[in-house]
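Here is what TrEMBL records for this protein:
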type	residues	note
DOMAIN	520-643	domain 'STAS'
TRANSMEM	116-135	transmembrane segment
TRANSMEM	173-197	transmembrane segment
TRANSMEM	250-267	transmembrane segment
TRANSMEM	279-300	transmembrane segment
TRANSMEM	324-347	transmembrane segment
TRANSMEM	407-428	transmembrane segment
TRANSMEM	434-450	transmembrane segment
TRANSMEM	462-492	transmembrane segment
Amino acid sequence: MSSNKVENVPEISISFGGFTAMEIETHKVCLPPNKTVFQSLKHNFSEIFFPDDPLHKFKNQKPIKKFLLGLQYFFPILQWGSDYGFQLLKSDVISGLTIASLAIPQGISYAKLANLPPIIGLYSSFVPPLLYAVLGSSRHLAVGPVSIASLVMGSMLREAVSPTQDPALYLKLALTATFFAGVFQTSLGVLRLGFIIDFLSKPTLTGFTAGAAVIVGLQQLKGMLGITHFTPKMQIVNVLSSVFTTTKEWSWQTAVMGICFLIFLLATRHISIKKPRLFWISAAAPLTSVFLSTVLVYAFRAHTSAISTIGHLPKGLNPPSANMLYFSGTHLALAIKTGIICGILSLTEGVAVGRTFASLRNYQIDGNKEMIAIGVMNMAGSCTSCYVTTGSFSRSAVNFNAGAQSAVSNIVMAATVMITLLFLLPLFYFTPNVILAAIIITAVIGLVNYQEAIKFWRVDKFDFLTCLIAFFGVLFLSVQMGLAIAVGVSIFKILMNVTRPATVVLGNIPGTQIFQNVGRYADATRVPSFFILAIESPICFANSTYLQERILRWVREEEERIQTNKEQDMKTVILDLTAVTAIDTNGLEAIVEIRKMLDKRSYKLVLVNPVGQVMKKLESSRTLELFAEKGLYLTVGEAIADISKRFKIEV
């Protein structure tokens, strides 16, 4: 949409065809201030990589102050730690204990989802939260393993290495993938390349997450039914086939226990959704389920031999694992690829969750600092027996509702996990695996956001298509293929928007000097003898040929319309460049070619309101010389008024 309005009161008016062309002062279109090559490069570099101006706090500060601000920038805990008090600590202790009750069973469950030993999930809920508390800028982000990253890592690594036949190699690859995920995330933050994750559009993530949630839920039928021989494949057809071809392995005791606790977990989740003040019910439900199911299995262990349990978990804090990182061999490429994909997904979730809760409390987080914090904790985690971690939406929501005031809640959670690792692990020996499956199913149900898909259908059909492609790609192909196809579709959409930009015909709103799209505004009328077109995108090599052909087609169609309606002949074509934010050499050549072709048809081409950078390139390329003195105007109204007066156009 383009609009031009002249607010000055005219002295003389010329009326024709229902439009009043005001005799007003014609303003000159000015060039932007002249900049050196260095100044231009500096400005462009700053706008691309430093749009938030992170160094503004350092201006006009003494060296010692700059040093302190630098420490606070890299270690946000130093910024808010000096003002920390007992009241804040009390709130953070309560919220930290609350999320710990959720993090412990989720950590064990998500580790099994990634085909890793359950203890790895607890290790991953200890070291990373401590590091994030020092480096992170979000007050409410609760750090730990998440379902999507666990699922992707498990599905990608299992295609090449069996976690049951070669668990040592599988664990090495998982730790190595975590290391490369951290390297990738940190690199994005240091180089300020966070815009790369924006290629994962919301429709892509919504469809991918929903598809992954369905697959994850179906995979848990193995634990819910007590099946021992289950397919390692992730496609929905293979999973369902494996479920119904192993009916002889189904355990009714396992199924009954699983269904009962699943109903309990879903009921508590429903209560918390309906009454947010009762969030603690759903937060405590997983640990309560673990406790009750463990007691039941232990009490009736003579009659529950068919129900598999977690078994022995080694006590003690995270053992070092730097020596287990896998930097050579046939599977190195797989570890790097898995790490990058898991890194992107976990980074997207962590930054999005952090920004969501920051907006609810009216503070900002630095996306690039968050990337560095998440990346560093994953690199350190890979050396301390942890796998990929990030900010969890479910735990962060519980943390937020529990009244967390700072990242100290992560420290409290980590301390609780530490106590569990040191003293409480033997209590999990009789914990049934079916409870972990029920916890995972409850968690992933919330990832199927059908309301968002309905919104995509109402607002943008292409976004809805992208969502569906991601969803069905994950279900019927694979997790990574579904994601790759959906990203490809999103990039295709970007290319379509760039290569096929909108061009619209403008007409005058009667009684005003405003010009709008005639297809959008019914009262917008064409101005006799003038054909006004607006280009609504940058003009570059990708779309210059299309725009050239489309504009000439518009002119041809206008000629046919005039001939059919026997209206006054067209004499001037006006291109409104208000929405053209950039132009390259191909675009400049397209403007020249359009002018030449219109000259052959005896039409005058006029340009209106080119923005600063476009104007500068028109001038430096000498394209403006082709338009002489009266081929460039500030507004459509001024162009029509001046040309009408000079050539005395009459109806």
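In case you wondered, yes, glycine gets a Cβ from its N, Cα and C as well.
Taken residue by residue, the domain 'STAS' (520-643) breaks down under DSSP into 60 helix, 21 strand, 43 coil.
Mean predicted confidence for the domain 'STAS' (520-643): the pLDDT average there is 90. Here the transmembrane segment (250-267) sits apart from the transmembrane segment (407-428); fewer than 3 CB pairs are under 8 Å, leaving out pairs fewer than 6 apart in sequence. Long-range contacts of the transmembrane segment (279-300) within the same chain, counting only residues at least 6 positions beyond its ends with a Cβ under 8 Å from a Cβ of the stretch, are 98-99, 101-102, 104-106, 257, 261, 264-265, 268-269, 271-272, 307, 309, 397-398, 401-402, 427-428, 430-432, 434-435, 438-439, 442.
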